[in-house]
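Peer 1: Quick one: the structure is below, and I'll ask about it shortly.
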Amino acid sequence: MADWTEKYRPSTLSEVRGNDKARDAFAEWARSWDDHREAVVLHGSPGVGKTSAAHALANDMGWETVELNASDQRTADVIERFAGRAARNATLGGSAAGGGAGGGDTASRQLVILDEADNIHGNYDRGGASAITKLVKESGQPIVLIANDYYDMSRGLRNATQEIEFRDVSARSIVPVLRDVCRKEGIEFESDALQQIAEGNRGDLRGAINDLQAATQGRDSITVADVVTGDRDKALGLFPFLDAVLKEESAEEALQSAYAVDETPDDLMRWIENNVLDVYEPTEAVRAYDFLANADVWLGRVRATQNYSYWRYATDNAAAGVAAARDGEKGGWTRYGRPQFWSSSDATADEVVGKIAAASGCSVATARREVLPFLETVTHHCKPRELTVAMAAAYDLEEAGVAFVTGSGESTNKVASIVEDAQARREELIEEHADGAFALGAAGRRDDAADAAASESADRDGDDSGAIAGGSDRSDSGGDSAAADDSASDEEEDDDQAGLTDFM
Ligand SMILES: Nc1ncnc2c1ncn2[C@@H]1O[C@H](COP(=O)(O)OP(=O)(O)OP(=O)(O)O)[C@@H](O)[C@H]1O
């Protein structure tokens, strides 16, 4: 079953509904691009047609597109390689003569589309943010930045761009889109049912199309009674929920059940994923995995952008999609298994907080409650990288530990390279400690050059015998690092001081 939001994505600007003013302004921006050469920001809520408008415009103009998504790693380097090259690829005779419905230069124009431009601080590294501003200022090709929240973009970027707001799509504009979809899919409808879906989606056309698809799954008509609204008032347990999705309920009902379970979409998806093969036939499972993969993409976007409004698209796919992948209802009893990652992630969590507690001299409870959330925030997705390396070195974390704290995938190259650098850093620190000890023994005084890192910790120890006491008297293995020395020395007064300086 194809995803209707993709199947019915507008292919020309005239099919983008409900934002006529924005659409006209956008077309005008493109037509006059050779005169002003500025990038444009399309901003507005999720699912109102910004990305569709960008692709539709390129189609209308006969321009190619180059797209860089939030899920791509958008460091300065990557931006330069992908977008920069395209953006600077201006033709020598780059004027807009001929070609394309809008008169653009089809032979050479490339529309550079950058998604999630408002997430520059949270998601891009610093190099990425300034690379984008530079790109926008120097581009030889038209650039469209897409953002949910215009004012989350840096002032520099805002000043360097034009701006077009996409408003929430009114129910009045959503209903005809739903009607068109029904006609194309051969589905009879009660107008009130479509009206109800439109109103329930508060301006989000993508959500409305998803709901229509869920509600009409396996039928050829839709009535008001088919459109379930409102949450169930009782929280639903996980096992009844799995029965609902994998065995009993229609797509629409399964979606409502998902809303009634008191779990995040990430966890729901893992439960479903972990159990689907015990219930589904192979052909059903193939279809179900397509939806789970989609759900995973949306969850990735949530993690990358912290935009939790994408959660519902993950739920649409994981619950309604997986239910729709089933051929009819199923019976019987199934021993549902708990997703395995939970126990291992609990074990990893215990190990990580144990290491933090040992290195910092605080209790495990404090490490869990006070220090870990702080580390999770400052090293989210391994950014900034240097800080993540320093943290991994300070607490001697393995890949599972780094992945757990940062929320990055354990098997990624990024995490592996961070752990490698952290180990190199620990070895350097150990060597530095040894040098300091040697210098002290040979010369009878502290050698300035001997140990910049160890001197700080040794001095804080208040122990002039220096690096030897600071470096090797420790019984715990984490004591080799300067960070462990720092924190252990201060443990009595302050056990929640695992600040940046602790492991820098
Ligand atoms: N204004 C619209 N007209 C027609 N279809 C739309 C419109 N807005 C959304 N859609 C439908 O919803 C889908 C998603 O829209 P699109 O990706 O363009 O939204 P968006 O505003 O870019 O959202 P996001 O910020 O989440 O990327 C489209 O593929 C299309 O099916």
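Heads up, the Cβ atoms here are built off N, Cα and C, so glycines get one too.
All annotation found in TrEMBL is predicted automatically rather than curated by experts.
Annotations per TrEMBL:
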BINDING   Gly44, Ser45, Pro46, Gly47, Val48, Gly49, Lys50, Thr51  ATP binding site
COMPBIAS  465-486  compositional bias 'Low complexity'
COMPBIAS  487-497  compositional bias 'Acidic residues'
DOMAIN    36-180  domain 'AAA+ ATPase'
REGION    449-504  region 'Disordered'
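Buried or exposed, and what's around them? Tell me for each listed feature.
Peer 2: Under DSSP, Gly47 (ATP binding site) is assigned to coil, being neither helix nor strand in the three-state scheme. Of all Cβ atoms in the protein chains displayed, 25 besides its own lie within 10 Å of the Cβ of Gly47 (ATP binding site).
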Peer 1: Just jot down the residues in the same chain as Pro46 (ATP binding site), at least 6 apart in sequence, with C-beta under 8 A of its C-beta; none if empty.
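Peer 2: Residues satisfying the criterion: Asn148, Asp204, Arg206, Asn307, Ser309, Tyr310.
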Peer 1: Taking the Cβ of Ser45 (ATP binding site) as the reference point, list residues of the same chain whose Cβ is under 8 angstroms away and which are at least six residues distant in sequence.
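Peer 2: Set apart from Ser45 (ATP binding site) by at least 6 residues yet with Cβ under 8 Å, we have Asn148, Phe166, Asp168, Gly203, Asp204, Ser309.
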Peer 1: For the domain 'AAA+ ATPase' (36-180), provide the mean pLDDT of the predicted model.
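Peer 2: When the pLDDT values over the domain 'AAA+ ATPase' (36-180) are averaged, the result is 75.
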Peer 1: Within 8 Å of the Cβ centre of Gly44, Ser45, Pro46, Gly47, Val48, Gly49, Lys50, Thr51, which other residues of the chain have their Cβ, at the recorded ATP site?
Peer 2: Asn148, Phe166, Asp204, Leu205, Arg206
